[in-house]
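Undergrad: For 78-96, 278-301, 321-346, 865-888, 894-914, 943-963, 983-1001, 1013-1036, 1056-1078, the entry in TrEMBL reads transmembrane segment. Annotated active site, 4-aspartylphosphate intermediate per TrEMBL: 394, in sequence order. Residues or ranges marked as Mg(2+) binding site in TrEMBL: 394, 396, 804, 808. According to TrEMBL, the ATP binding site annotation covers 394, 395, 396, 493, 534, 557, 591, 671, 672, 673, 778, 784, 807, 808. Sequence annotations record features per position, and here TrEMBL assigns domain 'P-type ATPase C-terminal' to 830-1084. The region 'Disordered' annotation in TrEMBL covers 1150-1180.
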């Protein structure tokens, strides 16, 4: 018999449930496999699907129809190859690019699908590929392995069946999280026989994208057990610090939460693409209009004058004038098709590809630490990077490194830690030498020597401060290879415990009822009596412990505003001093915590403990009763001091956000972290500033509350003098409005759920758009995407989403442009992104330099391309009135074929790949240069029609000046010059010179390549013309080269060159005049900066940091979750005891013969003072007296 799994079929499951069962069977039912697929094509579907997608582009379909018309001899005056060659070239280039992208997706899929994992089959563990794993399989994972699928944890190698996972691939957080198996399945252990005999049924929710939620039940052994997210291992997690574990596959492949969050890839088009589609339709309509006029002209001409020619030019089959007009209409459709040449799309693809290479090759966006270059994962969105108005950013791993550093502290009214210094100044300071402590973490760095001296001198307040940090936490300790390691549920807790460790108070181990620490070399064990756990309302955490001397004490740490409310009145003087320190810390962007303690009476605690036990087992209002007890005991606290932790932002984040704000880009942070954490980061990275008029907090718990809080929009509009708009279901667009002052908005997840309701979404959007910065905290991946979609729906703007985890994928795919942060946080976001790099600071270069240049180049290209082709085509239109509307072309057929492919292709490509109005340094110095792109000022319908009018004028000059110049002109020898071939040559030569000069006026940045392309194209034109109009080519193929001798007979006449000069001057004179007057009378930002750049030598961008004073912000429980106190005390958070390290401290402090801490012999007291004693001499001190570095005398 073999071990198989299958969906239960003898009692069909409800539609809302999924049922999985493992049992011994004689067959294996193939159900949901674990293979993933992110590719779009396979070998057989590539060609039809790709062609179908390409012909959805209007222009491609148009040229296909044109090709069909050209093969009809009655209406075609041009050869079929003039259309089919460019069309095939466009389709081939695009298909090759799409194939390359999809091949890379196939390789990525194969790499993942072919990973190996051990699966329990036939009572044996076999190595299988990930793609062969099925729902219901039992698999074994080992340390540092990726989780193969969504699993129900059955058992593990750790005590009490705990496992530790890293979820960086899912949410970007690198701190470890704990999962625990059910006791009933934990008994299976690693016994293969027991696991093979496991027969359980899981009834759970259907596949969904909720990473933080799971509901289900396990039926096993006639019992049902509830399942939640704490018992599930999700695909994409990594097993850490766990020898092995077994799990039952619940969801596999595309049904896993990781893949559910990926969503479906959508084809993204730029706003320029969308405008181009509209313009192509308009151009096609105008083409039909022109052809109709010419067809009517042909009809009238045939009736009035055509009969005069029927004697020697008889009509075929006696066709009537009406039929002749019908054929003429289609003939002119073919001749005038150059208003939308297919070479336009070839050029666009080449330009986008070239600008994508610039991003890939940019060394200034290369991150050497992780060997990660920037990557343009798509080539179709480059110009959109120059039009971004809204950026939606994740926080953890995107703005921050998720690394906490103990930076400063205030103890008993004295501030420790160096003033806020940067970079090299800090490196010049000598770090504290912790060699006196053999258990110190060598990675911990602190620069204030006075604090370690206070520790060595056994300052009782300093000792009590670090003792609190060593005891009041939920951290776990373990030893690996002789090194003591901490597993902290949140990075800030790890930073605080590590700080206490280095200053001589080393947390070593814990049990559910004790905490062991080493105090200045002496092993101490404290009895853990209670943990008063953290939650979002309490904003603090307390522990009650009994010291080795038998004293009871409560230690508390939390938000300073919360702790201050619970202090004894005797602390008022020290509160004032500590408040000054807190304000100073917060002004430097540090996260602050207040620390306090209270000694407890034994009899009171026994009575309180009894009531606490009764409340904890209460079935009604358990949380409320516990909160009352916590409030009762957490009072009359004595203040010890405050900590200041730096949440290490990625390098350059504040400056990047400041630069993007100056570019009028609005940044919204969408994070799953808590409100306090989100606010802290907001202040640290300059999203929120003290200079703002107000920061509004939306935290309503009902629809009515949220609606009321959102009415602040009326307040903002009243301040600006604007009248608030009424919410209307018919609103199609929310316009930007000016507000006097700067405001910020912070909204949490449950309030956002109400705000995104249809009846309230417009109120929320209007209010948010009136604010300078918006922070949405505690949001789900779905809400992130909903916020992006809301802005896209009601704002005509381009959006960008940037993130690093799987919880950002839906947001990245919803935005117009998605950017993935690559590095240690995981690659899921990168795989779904359009662009990727390693650091958030590279975003400013991507947008302000590459994005703006790409947009500017594309707009210049389109304006010029339409100009040169409209001018080329309109000359045909005017010529029709002089050739009897006969569909005769005004140019040589070879010139028509080579005009876009050879004579004008390279110059315009050179401009589109190398042109730049200002260099990258000036782009950073003047971020306001980015604004025209947001407003579509460089290419829009208005700019297009200006281009069309300019082309119309140029075509009139290019046709009538040569026409008039040749009408009564003779050669030097007296012979006539005015023949069709000479006129065609003169007209096309004038055209080429005119468009080349216009290109020179468009270019702002001349390079050797550009110069070579422009001059080389003119030389190429004359070389090809003289060759094709030579006697030899005519003799070789007379029908293809009829213009024999025209070039040498016409271009040797001075009147011809005078005509070329005159037409060129008349074509560009209005442009030069208009631009001169515009620059002098109404200069744009670009004009001013370009003028400054031409006058000044290039200088480096100087980064200036403006000091600011920020409000105090608690950094407690960064990523900290409620409930860990219960886990610690429930005998479920237990690891194997760490092997004792040698803890022999050298003699320090006042002692000379050995370690003898002061303040301990007479009994235990956290400070060595009477409980209600006041800090001496605080009244007579000021903040300056406690400075580590004194201010210089005046």
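The backbone N, Cα and C atoms fix where each Cβ goes, and this holds for glycine too.
The structure displayed is predicted, hence computed values, not measured ones.
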Undergrad: State the non-local partners of the transmembrane segment (943-963) in its own chain: residues 6+ outside its ends, Cβ under 8 Å from one of its Cβ atoms.
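TA: Same-chain contacts beyond the flanks: 279, 859, 863, 866-867, 870-871, 873-875, 877-879, 882, 890, 937, 983, 986-987, 990-991, 994, 1059, 1062-1063, 1066-1067, 1070-1071.
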Undergrad: Pull out the recorded positions from the set 394, 534, 591, 672, 778 whose C-alpha sits within 10 Å of the C-alpha of residue 804 (Mg(2+) binding site).
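TA: Neighbours among recorded positions, in sequence order: 394.
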Undergrad: What's the CA-CA gap between residue 807 (ATP binding site) and residue 396 (Mg(2+) binding site) in angstrom, rounded?
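TA: Between the Cα atoms of residue 807 (ATP binding site) and residue 396 (Mg(2+) binding site), the distance comes to 11 Å.
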Undergrad: In whole Å, how far does the CA atom of residue 778 (ATP binding site) lie from that of residue 808 (Mg(2+) binding site)?
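TA: Each residue's Cα considered, residue 778 (ATP binding site) and residue 808 (Mg(2+) binding site) end up 13 Å apart.
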Undergrad: Would you count the other C-beta atoms found within 10 angstroms of the C-beta of residue 804 (Mg(2+) binding site) for me?
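TA: Other Cβ atoms within 10 Å of residue 804 (Mg(2+) binding site): 34.
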Undergrad: Which bits of the chain, at least 6 residues beyond where the transmembrane segment (983-1001) starts or stops, bring a Cβ under 8 A of a Cβ in it?
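TA: Residues 864, 867-868, 871-872, 875, 890-892, 895, 899, 903-904, 907-908, 911, 954, 957-959, 961-963, 965-966, 1014, 1017-1018, 1021, 1025, 1029, 1043, 1046-1047, 1050-1051, 1056, 1059-1060, 1063-1064, 1067-1068, 1071-1072, 1075 contact the transmembrane segment (983-1001) from elsewhere in the chain.
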Undergrad: Quick one: of 396, 807, which of the binding-site residues has the smallest count of other CB atoms within 10 A?
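TA: Comparing Cβ neighbours within 10 Å for the binding-site residues 396, 807, 396 has the fewest.
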Undergrad: Please figure out which one of 865-888, 894-914, 1056-1078 racks up the most CB pairs under 8 Å against the transmembrane segment (1013-1036).
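TA: It is 894-914, which has the most Cβ pairs under 8 Å.
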Undergrad: Considering only the recorded stretches 321-346, 894-914, 1056-1078, state which has the highest number of Cβ pairs under 8 Å to the transmembrane segment (865-888).
TA: 321-346
Undergrad: Specify the nearest of the binding-site residues 534, 591, 672 to residue 396 (Mg(2+) binding site), where nearness means the distance between Cα atoms.
TA: 672
Undergrad: What count of other C-beta atoms do you get within 10 angstroms of the C-beta of residue 778 (ATP binding site), across all chains shown?
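TA: If we count other Cβ atoms within 10 Å of residue 778 (ATP binding site), we arrive at 19.
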Undergrad: Can you tell me how far the Cα of residue 808 (Mg(2+) binding site) sits from the Cα of residue 394 (active site, 4-aspartylphosphate intermediate), in Å?
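TA: Rounded to a whole number, the Cα-Cα distance is 7 Å.
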Undergrad: Sorry to bug you, but what's the C-alpha spacing from residue 672 (ATP binding site) to residue 394 (active site, 4-aspartylphosphate intermediate), rounded to the closest Å?
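TA: Residue 394 (active site, 4-aspartylphosphate intermediate) and residue 672 (ATP binding site) have their Cα atoms 8 Å apart.
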Undergrad: Please determine which of the recorded positions listed here (394, 808) has the lowest count of neighbouring CB atoms within 10 Å.
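TA: If we count Cβ atoms within 10 Å for the recorded positions 394, 808, the smallest count is at 394.
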Undergrad: Note down the number of other Cβ atoms within 10 Å of the Cβ of residue 672 (ATP binding site), including every protein chain shown.
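TA: For residue 672 (ATP binding site), the count of other Cβ atoms within 10 Å is 27.
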Undergrad: Determine the minimum-neighbour residue: among 534, 591, listed as binding-site residues, which Cβ has the fewest other Cβ atoms within 10 angstroms?
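TA: The binding-site residues 534, 591 were compared, and 534 has the fewest Cβ atoms within 10 Å.
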